[in-house]
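Copied over from TrEMBL, here are the features:
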| type | residues | note |
| --- | --- | --- |
| DOMAIN | B:4-52 | domain 'Rhodanese' |
| DOMAIN | B:8-122 | domain 'Response regulatory' |
| MOD_RES | B:D58 | 4-aspartylphosphate |
| COILED | B:125-152 | coiled coil |
| DOMAIN | B:128-189 | domain 'ANTAR' |
Amino acid sequence: MTAPLRIGFIPLVDAAALIIAVDKGFAAAEGLEVELVREVSWSNVRDKLNIGLFDAAHLLAPVAIASSLGLGHVKVPIAAPFNLGINGNAITVSPALHAALMEEIDGDRFDPMVTAKALAKVVAKRRKLGAEPLTFGMTFPFSTHNYQLRFWMAAAGVDPDEDVRLVVLPPPYMVDSLANGHVDAFCVGAPWNSIAVDLGIGHILHFVSDILDRAAEKVLAVRQVWADKHPDVVARLVRAAVKGAEFIENPANLIEAAQILAQPERIGVDAEVIQRTLTGRLKISPDGTFRESGRYLLVGREEAGRPDPVQAAWLYAQMVRWGQTALTPEGVKTAMAVFRPDLYDAALGRRPPEQAPAAFGAFAGPVFDPDNIRGHLEAFEVGRWRT
Amino acid sequence: MSADQSPKIVIVDESPIRAAILEEGLREAGFTQVVHISEMQSLLARIYAVDPDIILIDLENPSRDVLEAMFQVSRAVKRPIAMFVDQSDSASIQASVEAGVSAYIVDGLKKERIKPILDLCVSRFNAFAKLQEELERTKSQLEDRKIIERAKGILMKVKGLTEDEAYVLLRSTAMREKKKIGEIAQSIITASEMLK
């Protein structure tokens with residue numbers, strides 16, 4: 001056995017591969033002794049990883065990149081040898097906003113361009129009436145949720161910094177905030193969207209997979225220096241996570257996996273709610289309407305576990321688009337270097353796949369090219385980027 | 001804030017006792033402008049209303065992520081947070097994270113004024129943690145005593161021992177097995193319940 005590892009996580013379904021790797025004994029089979037530490041905020045996870053109180057962590061992909069760039073906090077280079085999840089978020093709106101959107105909707109209500117245009121009309125109407133701007137909750141300034149909400153609404157000309165308010169809310173507070181009218185909508189991971197629907201206070205407007213077909217969400221993060229020092233432990237950790245992801249993706253294990261994840265010291269919600277997320281069959285409306293998507297959350301299938309540096313570049317491009325950092329060639333390089341498919345391949349003892357990973361499949365804008373972020377950003381009307 | 005004025009400090013903490021301990025320490029050290037926020041609803045708006053120079057928040061608080069938004073320029077923030085703590089001062093970060101507190105420094109505050117506040121914060125948080133630990137220990141000692149009393153009762157009844165003999169038996173068994181006397185007592189209770 002190697003030295004015991006402390007690994008931080010936030011109770012969300014996309015920590016599944018990590019939790020299963022530990023609780024099903026895949027980590028132990030790799031000779032790893034792991035203590036999973038449940039945390040309450042992304043800031044805590046980031047800080048404890050950065051100063052070495054954690055050896056590894058379940059981390060928002062953009063936080064890993066921001067940490068390597070020194071944005072918003074101390075600069076600590078991070079390496080992500082495993083991708084814990086692709087997609088998995090949803091946008092939930094209050095019944096009132098849902099009704100207002102449906103009144104304006106002109107076309108397929110699951111088409112994000114149609115809903116974004118409806119949102120633009122609702123925003124314009126409210127402005128005319130002198131009503132307060134709509135407020136959207138998301139989880140962190142450097143979060144996929146922040147960028148996904150912005151990407152969606154900006155496609156129809158809604159400026160996320162001018163026309164609406166975007167506020168950070170810890171995931172466990174999202175549902176309450178929607179219920180008491182503090183926010184009109186939110187973008188968050190599982191299980192919180194389902195919980196809002198079950199309580200009858202929210203409608204799931206979009207799975208984020210409607211907006212982006214394939215978006216890196218959480219990563220297994222370690223410090224770059226730590227990865228350099230312990231390549232063998234990193235490889236074992238990756239193999240354990242891969243086995244955890246495989247276990248989850250096997251439909252025969254669905255009930256057992258959901259039960260393990262539902263434990264109070266893990267995610268701590270009803271196993272049935274977790275099952276919905278894992279199968280991608282979600283109740284989207286309090287009236288009991290269900291919607292199913294094979295792309296709701298990808299834990300291991302379709303090469304989801306292999307980190308894709310192009311995804312990191314896309315996240316960096318969002319930071320640039322919304323003015324969190326200036327566009328520089330070094331910045332792109334640093335961001336892409338966070339995602340480490342080489343460590344993933346080495347752990348599994350295989351050669352890089354010949355086929356390039358599947359693209360984002362964004363519903364708006366041109367195909368993303370990491371070598372021409374400037375050109376990509378110029379194609380969007382709304383944004384506040386600078387070089 | 002002019003140089004001679006005490007910086008305005010906001011404490012965001014849902015634990016009233018810990019907040020009081022910290023506030024008292026800060027006041028004793030001459031920081032007279034201290035505001036405690038315990039309500040997390042609309043946290044940024046509450047902070048905005050106070051317009052502090054330093055924000056202290058406990059790490060058990062999920063709302064810490066809300067504060068991170070203050071690094072971003074937005075209408076919700078009057079003066080953006082300039083830094084977490086000094087980038088070069090990793091010892092300070094380590095000490096505060098380990099103590100369970102985090103400090104956000106708002107733009108404009110002089111660097112040399114930050115350290116004493118942070119140090120005080122860390123020592124008060126550590127003191128609170130120690131207090132809590134002692135409380136837990138006392139609680140478990142009390143619990144142990146109750147368990148030992150029950151186990152003695154069982155031994156006296158089953159083996160016809162006096163109270164002193166029952167205690168000696170418990171203690172010598174604990175020593176031989178290299179276990180705590182409370183653990184031995186607990187196993188006697190468990191066993192006797194199973195044999196009922």
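Glycine residues also receive a Cβ, built from the backbone N, Cα and C atoms like all the rest.
Of all Cβ atoms in the shown protein chains, 21 besides its own fall within 10 Å of the Cβ of the residue listed as '4-aspartylphosphate'. When DSSP labels each residue, the domain 'ANTAR' (B:128-189) comes out as 56 helix, 0 strand, 6 coil, counted as helix, strand and coil in that order. Mean pLDDT, taken over the domain 'Rhodanese' (B:4-52), works out to 90 on the 0 to 100 scale. Taken residue by residue with DSSP, B:D58 (4-aspartylphosphate) is part of a strand. Counting residue by residue with DSSP, the domain 'Rhodanese' (B:4-52) contains 21 helix, 8 strand, 20 coil.
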